[in-house]
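Participant: Take a look at what TrEMBL says about it:
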ACT_SITE  Asp400  active site, proton acceptor
ACT_SITE  Tyr484  active site, schiff-base intermediate with substrate
COMPBIAS  1-14  compositional bias 'Polar residues'
DOMAIN    68-156  domain 'Copper amine oxidase N2-terminal'
DOMAIN    193-296  domain 'Copper amine oxidase N3-terminal'
DOMAIN    322-720  domain 'Copper amine oxidase catalytic'
MOD_RES   Tyr484  2',4',5'-topaquinone
REGION    1-28  region 'Disordered'
Amino acid sequence: MATTQEQKATPNILNNTTTTTSSWADPLRNRPSVATVISAVDSFSDPPPNTTSTTKGIPVMTRAQTCHPLDPLSAAEISVAVATVRAAGATPEVRDSMRFVEVVLVEPDKQVVALADAYFFPPFQPSLLPRTKGGPLIPTKLPPRKARLVVYNKRSNETSIWIVELREVHAATRGGHHRGKVISSEVVPNVQPPMDAVEYAECEAAVKDFPPFREAMKRRGIEDMDLVMVDAWCVGYHSEADAPSRRLAKPLIFCRTESDCPMENGYARPVEGIHILVDMQNMEILEFEDRKLIPLPPADPLRNYTSGETRGGVDRSDVKPLQIIQPEGPSFRVNGHFIQWQKWNFRIGFTPREGLVIYSVAYIDGSRGRRPVAHRLSFVEMVVPYGDPNDPHYRKNAFDAGEDGLGKNAHSLKKGCDCLGYIKYFDAHFTNFNGGVETIENCVCLHEEDHGILWKHQDWRTGLAEVRRSRRLTVSFICTVANYEYGFFWHFYQDGKIEAEVKLTGILSLGALQPGESRKYGTTIAPGLYAPVHQHFFVARMDMAVDCKPGEAFNQVVEVDVKIEEPGKNNVHNNAFYAEEKLLKSESEAMRDCNPLSARHWIVRNTRTVNRTGQLTGYKLVPGSNCLPMAGSEAKFLRRAAFLKHNLWVTPYVPGEMHPGGEFPNQNPRVGEGLATWVQKNRSLEEADIVLWYVFGITHIPRLEDWPVMPVERIGFMLMVFHSNHMGFSIAPQL
């Protein structure tokens, strides 16, 4: 991922791609004066001789350290990592069979991040590190960056994980050999990694070329295979037949009506009654059966989702232009991936699986200085289970992050951005299945928005009124997974609030009906067409650090419920109610559900810091609308998604605990892997480095108005400043 406006492009001869080099100057040359009293030590690695020099006690690197430890991998780094792993293959056959599912940064220890932010990168924050007698000892350079690669061997059907140290990445831009070093490699048995777009395209071609399939389509009046859409859905895990010993897909079939109408909604004509099982390793059709001839839904005049003007009509002629302008530019400042806005500062990253990641969130609070809120915020998984027990819909329970990758399916906003005003874009770099590097231009959008009234009061005695408008900073990206679009937004407010929002839109996944038929488990939305009921669940992982410096573990979680006072002497008027707190002492106690009837919320509290009233400081997690799975406890998809059984989970921070359903949910036969397994340790949470896992969802009962495309639905939650009186916000929040 690279900033599109602040970095220069140079050719990468290894993969014919574009790599990026930062325009930052050497950060050590602009150190604050505190650096003059720092002794230089090399504690991370053994550098080659003469790599540093010393001027008046200040260690100066001979080559600028251009990448912050949390910056996403550049195109050059991805190229070097891939080349290093490929070169390590034992035989030419092994090397030729390597398919690269994911290449991501190995995120360093929090202490390394603190060191980088304190002395190596602006705005230089020495206060992040604890004070020591004689001044802190720091290395003359940061440890080498590392990449983690998930590699699928197409010949052997094996999945392996590689760790590569990236030492001389700049050599790739000069046409030199790879200069990475393999630190470790491990074959992971009995798993299947996420599917790739290359595989989806190959699967579609294989199905269309299969003679029995072509005959089945002829029975439905379709001979032009260019009209046919084949979506290769993962099989999930329903029985031993879905075991990961084979790489499998069960495609869904759809059909357009016109080959020369690229914006036609092909999902409006599902092809039902055809059963296909595809071996994705060898691209072979393992099973095929034309079980039932269901007529294709008739063409509908609303099948296109292009604007009215392109169809010779008009959408809304009465809408006048609305212009959002910032003639003096934005209020935010961007330095590489470091963002400053109002009293907020944070870093942004991006991964193929999660998409947008927010790092090192802090609030500048007057004389109290930089106050950390969270170390890392992201959406780590989402699950979409369907509620129709009929074939093929009962198998539709996609893990859109773990089986496909939210980041790898992100949009380039170059041609269609949903943001207005002054926008700062960031590019994202990924490996493709064959090991080349691809760039999604303008993948992440950063901009400011007016958000109505923040605060208002009118004095009825004087008639004087005061109103202050709310402005928020929004960081977002949008992805498409087959038919659905998901927009992920992190909003930062001036009153200290952080809001996470997901917008769901796009196209419904539909089913076909026999003439006169209707379905109990869906809504008829057009002749011969119905939309099955389904749910969407999202998992936000929040590595919190409320008023905690790196290395400190002084947070705990309190659940707050509003209780009605029992009738009696304390409630003679029967109007009394109060907020009751309960400390969640362990992981087993912290498996919790939302309760809007008691206004339930949770507070991440610092155990050592107090506010001006003498009470412990904290941030509260305020749920929005939510739900739980509408499924029986023995539902097959819950084998892989046991984390959906509760809205809130809390764990102490452990570096490897990242994916709530396990790293490889595709065809996963193991019950409860991931979050549901970790919490069985029942670790203490009374004073810990807290990680919140908030699961929120929406139950979608499609309406006739949803046809032909989805309106935008919004769900989310808020992290709010907690005040001692539990009442909400002030203009200048005191944590």
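Glycine is treated like the rest: Cβ placed from N, Cα and C.
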Participant: What does the structure give for the C-alpha distance between Asp400 (active site, proton acceptor) and the residue listed as 'active site, schiff-base intermediate with substrate'? Integer Å is fine.
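Facilitator: Distance (Cα to Cα, whole Å): 10 Å.
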Participant: Take the domain 'Copper amine oxidase N2-terminal' (68-156) and average the pLDDT across it for me.
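Facilitator: Reported value for the domain 'Copper amine oxidase N2-terminal' (68-156) is a mean pLDDT of 92.
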Participant: Between the active-site residues Asp400, Tyr484, whose Cβ has more other Cβ atoms within 10 Å than any of the rest?
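Facilitator: Highest number of other Cβ atoms within 10 Å: Asp400.
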